[in-house]
Structures are given as C-alpha cells and as structure tokens.
Amino acid sequence: MLKGSFELIGDKSISHRAIMFSSIAKGTTRISNFLMGQDCLSTVDCFRKMGVDISVNSKEVLVKGVGLRGLKKPIDILDVGNSGTTIRLMMGILAGNDFNSTIIGDESIGKRPMKRVTDPLRLMGCSIDGKDDANYIPIKIHGGNLNGINYNMPVASAQVKSSIILASLYANEASTIIEKSKSRNHTEIMLNSFGANIKTDGLKIDVSPIDELYSVGNINVAGDISSAAFIIVAASIVKGSEVIIKNVGLNETRTGILDVLKSMNGNFEIVDKRLVGGEIVGDLIIRYSDNLTATTIDSDLIPRLIDEIPVIAVLATQAEGTTIIKDAKELKVKESNRIKAIVDNLKNMGADIEELEDGMVINGKCELKGAKIKAFNDHRIAMAFSVASLISKGKTYIDNTTCIDISFPGYFNLLNTLLK
Ligand code: S3P
C-alpha cells in the first residue's frame, strides 16, 4: 500500500512560462518550487542563449529579465530537447523579434507537428522556414513587424494559444483568438500579472499589444497535478492506501482527472484551498477505492486531462464496466503516439482494451499481469506503467525509465518512500 504525505514538485507548464515571461520582462524574478525537469531546463538553456542571465540552484531560479524587446539573436542553434512547450511558446516570442534563429529538438520533437503554430505566426507576418512547409524541425524564424490576427483555432491546444498570445504582444494592432475548447490558461494568468492586457470571455481571448512587461518579483510555482496523477491513481488502486499530496495546483483548466475520479467513485478530498501566484492550490487526501466504476471521457473534458490519459487508462482497468475515452486524437502527437503506447502495453498486461481512432475502450475490472513495457521514450508512459505494475501479478520491465526526468525527477524515490 501507499502511505504518507509529500510536497508536490512544481508544475511543468507554469515553470516553462515562469522562465520565458521573466526573461522578457523588466526586472529580476525569483522562482521557487521550479520544476528541475529536463524539459524546463531546455527552456532555461534556450533563453540563456538569447542573452538572459538565469541562475539555477537547488532552491530557486533567478532570472534577470531583459524586457519585451531585449532578447538578443541566439549565440547558437536553440535546442528544445524533448519539449513541445518550449518550442511552441518560444516560437511565439521569436516571431516578435527581428533576428534569425534556428530551432531543433530530439527525435520525438522531430515527429511532432508545428504547422499548428507556424501557420498563425506566418499569418501575422513572421517569416518561417522548416521541413515540410514548416511543419517539422529544423525551423528557421525571422520575426518582427507583426500584424494582429483574428484566429479560430482548429485544435484545442494551450501551446498554440500561448504562442499566438505571445506573438500578439509584439504586434502593431490587437488580436482575437477563439479557442476550440478551453485549454490551460496559465499564460493568460501569468502574463496579466506581468502587466499584459489579455481579456478572456468564454472561448474568446483578446490580446492588446504592449510596450513592456514588468516582473512581479517572486513566483511560487504551484504543484503539478499532472505529476500528482500517478500517485493519485496508485493510491486509488492499491489496497489500503492513503496519501496526502500537498500543494496541488487546482486551476480548473487542469482538474479533469479529479472530475473523472469523482465520477468513478474515487475516494479523495481537498483541504486548505489557497491562492499561490494567481493559481489555486490545495492539499489532496487520496485513499484506496474498492468500488471504482467506469466512465466516459470526451469532448471539453479532454484538454483538462490530456496528459493524464495514460494513467487514467490504468485506473479504468480497475473500474467495473466499460470506460470510453474519445475525442482524444491529440494523444497521437504527444511525446509518443500515446493511444498506441497505452493500448499495446495494456494488452500485453492482459487488459481488455480496444483501440479507437481517437481514443480507446477499456472493459474492467481486470487482473493485470507483469509484462515487458515499451515506454517509447515517453515519461508519462513509463510512469503510467510503473503504476500498473504495482497491482500486476509477476514482474514488469519498463525498457526506459530515464525519460521520467523530463517531468518528474525523483519519481521512483518518492514512490519507494510511499510504498509500505
Ligand atoms: C502544455 C499543453 C498541453 C500539454 C503539454 C503542456 C502547456 O499541450 O499536453 O504537456 O504547457 O501549454 P497542448 O496544449 O498542445 O495540448
């Protein structure tokens, strides 16, 4: 069983934004509870290459911002590693800057579509070249002189939305973005705290261009509910568990997993809700649930739990009835093709699961058996199957667990201290 309590590591999405926005704001920003995962360190590396003084120690990150128009032409190629958030948000910033830059990344980034960002940025007047009409890295950008945009987003994506918002700050007129579905809004919250003028009305976002951003001084990063998800599911399915997770980010654009768990008869409560850096956080008490029931996950719920689907699929194997996950085609273009990664690996563990074009159907409750898991170098697949292994008969081997450092350094240490 899992027993104990712990302080949750910082949110990946918020940590990226804290580095980027502090870099392009005037003044110094002190970031605490920053996620020292590989992805966020890729963001640090890219902004250092554009002349930003960023010092990182185990306790905090100090960013000496250069102002909205203070970035310098990168001294080298910008390498985003495995990080989709780095490349997509950074392209929005680069689009506003009158210099040349080239962006590359790892093998997984090489397969991820960028036209969803390069298309609107080109419409704003940015010059972009890249493989397959700027759909894939390497991508070369020459920004500056942007016009505003009225853009109906074809995909529900916070990365795309954020990229256009960032470019809009530099444009010569106002922009309007219409989201397809409400996605995480950390960009809007943090940029407004830095003095931007971003107005949200349902799915409509109006962004005014501005002269300058100003640091708020300190940012305390809320805990990452997407990382907590692995412990939430583990505690829900391992008999006798009770875990307290402190400082969980509860922004409602991210709490789809809690809505799902509630509808599945999960056993949890939230205490001590408070505001940290404009974001709601709280402590989550999560207990084993012996009567989990199936659910349907689709439509507007998908962006609110997109990164949690691998571990939610594991949860569904332990729920009575048929769980349907649909409208989640986006899973195919994450760090790996997550539909295939989840379905193939769960099948190998003996689950009754069927692949759909845009999701999967899981018939529970089923007994899982240990298996050889292919993580496809995808941190969330590796962690989801480590959770599955806790309730499986026999040993499970995961082919790559170093990728977990992308978002959850220290994951196995934490899991081992909770396992009793
Ligand atoms: C993120 C948005 C999501 C998510 C990713 C982080 C962000 O991607 O999957 O891990 O920080 O904006 P999309 O917005 O492209 O769906």
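Each residue, glycine too, has its Cβ placed from N, Cα and C.
On the 0 to 100 pLDDT scale, the domain 'Enolpyruvate transferase' (2-413) averages 98 in the predicted structure. Per TrEMBL, domain 'Enolpyruvate transferase' is recorded for 2-413.
For LYS12 (phosphoenolpyruvate binding site), the number of other Cβ atoms no farther than 10 Å from its own Cβ, over all displayed protein chains, is 24. The phosphoenolpyruvate binding site feature in TrEMBL is assigned to LYS12, GLY84, ARG112, GLN159, ARG338, ARG380.
Residues near SER13 (3-phosphoshikimate binding site) in space but far in sequence (CB under 8 A, at least 6 apart, same chain), listed by position: THR85, ALA158, ARG184, HIS186, ASP224. Mapped onto three states, the DSSP output places SER13 (3-phosphoshikimate binding site) in helix. Residues annotated as 3-phosphoshikimate binding site in TrEMBL: LYS12, SER13, ARG17, SER157, GLN159, ASP307, LYS334.
For ASP307 (3-phosphoshikimate binding site), the number of other Cβ atoms no farther than 10 Å from its own Cβ, over all displayed protein chains, is 26. The feature active site, proton acceptor is assigned by TrEMBL to ASP307.
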* Structure fact -> Of SER157, ASP307, LYS334, the binding-site residues lying within 10 angstroms (C-alpha) of GLY84 (phosphoenolpyruvate binding site) are LYS334
* Asked: Got a sec? Which of SER13, ARG17, ARG112, SER157, ASP307, ARG338, the binding-site residues, have CB under 6 Å of any ligand 1 atom?
  -> SER13, SER157, ASP307
* Asked: Roughly how many angstrom lie between the C-alpha atoms of SER157 (3-phosphoshikimate binding site) and ARG380 (phosphoenolpyruvate binding site)?
  -> 18
* Would you pick out, from the binding-site residues ARG17, ARG112, LYS334, the residue whose Cβ has the largest number of other Cβ atoms within 10 Å? => ARG17
* Asked: Can you name the residues of this chain that are 6 or more positions from ARG380 (phosphoenolpyruvate binding site) yet have a C-beta less than 8 Å from its C-beta?
  -> SER226, ASP307, PRO310, VAL311, LYS334, GLU335, ARG338, SER407
